[in-house]
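Enquirer: These came from TrEMBL, pasted as-is:
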BINDING   G282, T283, T284, G285, S286, G287, K288, S289  ATP binding site
DOMAIN    264-431  domain 'FtsK'
Amino acid sequence: MALQIQANARKTLRKVSLYIKEQLGMTSLYDVVIWKLAFFISIKSKNTQFEEDEKIDRSIRVITDYTSLFNNTEKYLIINLLSIVHQRKVDINSEEPMRLVEKHCRQGFKILEEKFAGTDVDVVNFFLNEIPNIAADAPAEDLDNLEELIVKVKDKLSEKLHEAFIETKIAVKYLGYRDFQRISKYYFEVRDLNHNREIVDEITKSNLELQTGLHNKLYLANSSRERTFSVNVIKDEIPPFYVEEYLFETNDRDYSLMIGLDDEDRVFTTTLESLPHLLIGGTTGSGKSVFLKNLVYQLSKKYLNLVLVDPKGGTTFGGYEDKERCMLIKNTKDADAIMSDLVEEMDERYQKKKLDLEMPIVVVIDELADLLGQNKGLEALLIRLAQKGREAHIHLILATQRPDAKILEGLLRTNLPSRIAFKVQNQNESRIILGDMGAETLQNKGEMLFNNQKFTKRLQGFYIE
């Protein structure tokens, strides 16, 4: 039976995973040996004061021989790292390497305890005892261990879903379900491979909604396991997910952004470089404005310049007016002037030919359609920035409540490769934002479709306290 992780432990694990990713460039907590993790976090802190501090917690038992912690090749790297950090030659044939590794491991855990203070979790115990169990029970993304993870119990809804498939003449076998914070996933296996394509189409979805009465409350998703798919049912009561609970401040040169939670409560992140420009659309009450505030909140903590354009007089971004490296534009005339300045800045950066050294500039525009409707010349400036801005580290995040094909057409939309659609009024608006329908069926309150021209992902956005 899988280990049941308490909510506060889950939050700690998410924060730890993000911290590891930002500090060490590792994609998963489970990819590292716990002692190596503690050692490298201490090394990265460059703090060597513990050499005189005999109070470093000796109750934490460290592996007896550092050569067991690191392989033969890594051993020499560790000696060099220790020599650099401690600014003296560390003799590989002496007992000093083991003594320093031991103290760095202890200091690493001390740093982690300080970073995650207030979580009601014993961090040392969490790392040494709970995480190995969590790692062992963690679900594989390819669902190879699906049979062990799902609850093989039928309930009324699973029976309704099964009956609905029978009505649509699609032969499936019910496997079981998994429960997440906002989604219940009901897994089915396709009996006839000829029906594989039919499973996730809109007709099947409509039939399921009709049979279950769950209009716009379910969607179908393929899995990477052959012949298996899930019917994802959105819960009636969804707890709020606050960005502060998932955001861990470490490196202000890390330009990753948390977009939202996927259907299995995992944080989905992207980077400014991979975006590199973003178009956002959503109707009133969809969660678009809250999402923009979340992005700006994250961006404000990074080493970059922010240009916030809010033609509604600063109501969306008013709290950032006096922030360092942040400029708030409240009217169309000033927006036109600053975009002209940014085009000049972009050209100057190209002429310098040292683009890697330039501080990123992120332009966030709310109510894009209104702005372009009032100033026809602004579109040409935005197109130039969208076409050449990436290499100059200038990024555009453009949001609109009214996706209008006449305004958002041609070169501007073509040069905004990443798209996020919150709930929109109809299929046409969904196509304008995403290039495909689907956003018209989303729930309000932050549910979105993220598309980066490689894949589309359904996510739940964060609230901000």
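Just so you know, glycine gets a Cβ as well, placed from its N, Cα and C.
Because the structure is a prediction, the values reported are computed rather than measured.
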Enquirer: Within the chain of T284 (ATP binding site), which residues six or more apart in sequence place their C-beta under 8 angstroms from its C-beta?
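Expert: In sequence order, the residues whose Cβ lies under 8 Å from that of T284 (ATP binding site) (at least 6 apart) are Q401.
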Enquirer: Would you say which of the binding-site residues G282, G285, G287 has the most Cβ atoms within 10 Å of its own Cβ?
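Expert: Sorting the candidates by Cβ neighbours within 10 Å, the top entry is G282.
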Enquirer: Would you pick out, from the binding-site residues T283, K288, S289, the residue whose Cβ has the largest number of other Cβ atoms within 10 Å?
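Expert: Counting every other Cβ within 10 Å of each candidate, the maximum falls on K288.
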Enquirer: Identify all same-chain residues not among G282, T283, T284, G285, S286, G287, K288, S289 whose C-beta atom falls within 8 angstroms of the centroid of the ATP site's C-beta atoms; report them in sequence order.
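Expert: The answer, listed by sequence position, is Q401, F422, K423, N444.
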Enquirer: So if I measure Cβ to Cβ from S286 (ATP binding site) and keep only same-chain residues at least 6 apart in sequence, which ones fall under 8 Å?
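Expert: Listed in sequence order: F422, K423, V424, L442, N444, K445, G446.
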Enquirer: For G287 (ATP binding site), which of the three DSSP-derived states applies: helix, strand, or coil?
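Expert: Going by the DSSP assignment, G287 (ATP binding site) belongs to neither helix nor strand, so it counts as coil.
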Enquirer: Helix, strand or coil: which one is G282 (ATP binding site) in, per DSSP?
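Expert: It is coil.
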